[in-house]
Amino acid sequence: MTETALAGLELAVAREPSRRMATLRRVVVLLAPSVLFLAMFTYWPVVLVALQSVTVESFGGASHWGLGNFERLFSDPRFGRASLNNLVYAVGTVVPSIALALAFAVVLKESTRVSGLLRTVFVSPVLIPLVAAAALFSFVFQPRFGLLDYYLGSLGLGTTNWLGDPDLALYSLIGLTIWKNAGYYMLFFLAGLQTVPDDLYEAARVEGASAAQRFTRITLPLLKPTTAFVVVIALLQVLTNVDHIILLTSGGPSDSTSVVLYYIYQQAHENYDIGLAAAATVVSVGFLLALSVVSLRTLENGIHYEG
């Protein structure tokens, strides 16, 4: 190796650290805004809520660390009522919505003019904001003069105070949520059905399998990952959407439509009990994280078909 070549190699080696530092600086400059945004509006609020949940206020303005907020939370009958309402609301919303979405997807799987029109009809509620949908259903559920009572009255069934009756208010909100979300879930099932090859159905027909057998032995098993994903999305929606409850019932009557998120809203913005609201938030986030872990495990263990 000549002296010139050796000198060039030494120069290249000497420049390598400076190039790496320049690349590192560019990466830091490009990532800094995103990291700063996440730190300010995502990570710091989470840390702040966690700190507030274990900060117990005492008389005279003093405060100390402890689990007093969680003790008050779990001994509060209104939190228990809100949790039970959330469970009823989740089951009553998720199960029918997914069942309807799957049924719509199976029936409308083939691309025709009629199926295209019906798909548009079923998906159209998804495009309506939740607040606008709540305003629309406030007219539908209005006693005596509402759309629902009008048609029931024409059948001689009388009128009902759908949102004012503690026994019916939560189920009225469930009906609104099913109408709003079923078409959205249908899109996922339609996408999942496209991955199921027609050869499997043809082979099943040749073997004499009925339509019900083809559905239970082919469609449902191959849609297991899609179903698990839709269940997670549906649960997240019913646990995090509260706009329609605030607009239509404000958690009433008699806390019959109060859910956990509305309970948190009440404690923070109406009762100014930040510690109790933070404790309820931590419990809710913990539940959502556990739900996400279970769903991811289900997706990992799901049945996938490679065509």
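Every residue gets a Cβ built from N, Cα and C, even glycine.
Automated prediction, rather than curation, is the source of TrEMBL annotations.
Per TrEMBL, transmembrane segment is recorded for 27-51, 87-108, 120-141, 168-191, 222-239, 276-296. Positions annotated as domain 'ABC transmembrane type-1' by TrEMBL: 83-295.
Remark: the transmembrane segment (168-191) makes no contact with the transmembrane segment (27-51), by the rule of 3 or more CB pairs under 8 A. Highlighted: of the candidate stretches 27-51, 87-108, 120-141, 222-239, 222-239 has the greatest count of Cβ pairs under 8 Å to the transmembrane segment (276-296). Taking Cβ pairs closer than 8 Å, the transmembrane segment (27-51) reaches residues 278, 281-282, 285 in its own chain, all 6 or more past its ends. Residues 104, 108, 147-148, 162-163, 172, 176, 179-184, 186-187, 241, 243-244, 247-248 of the same chain lie 6 or more positions beyond the ends of the transmembrane segment (120-141) yet place their CB under 8 Å from a CB of it.
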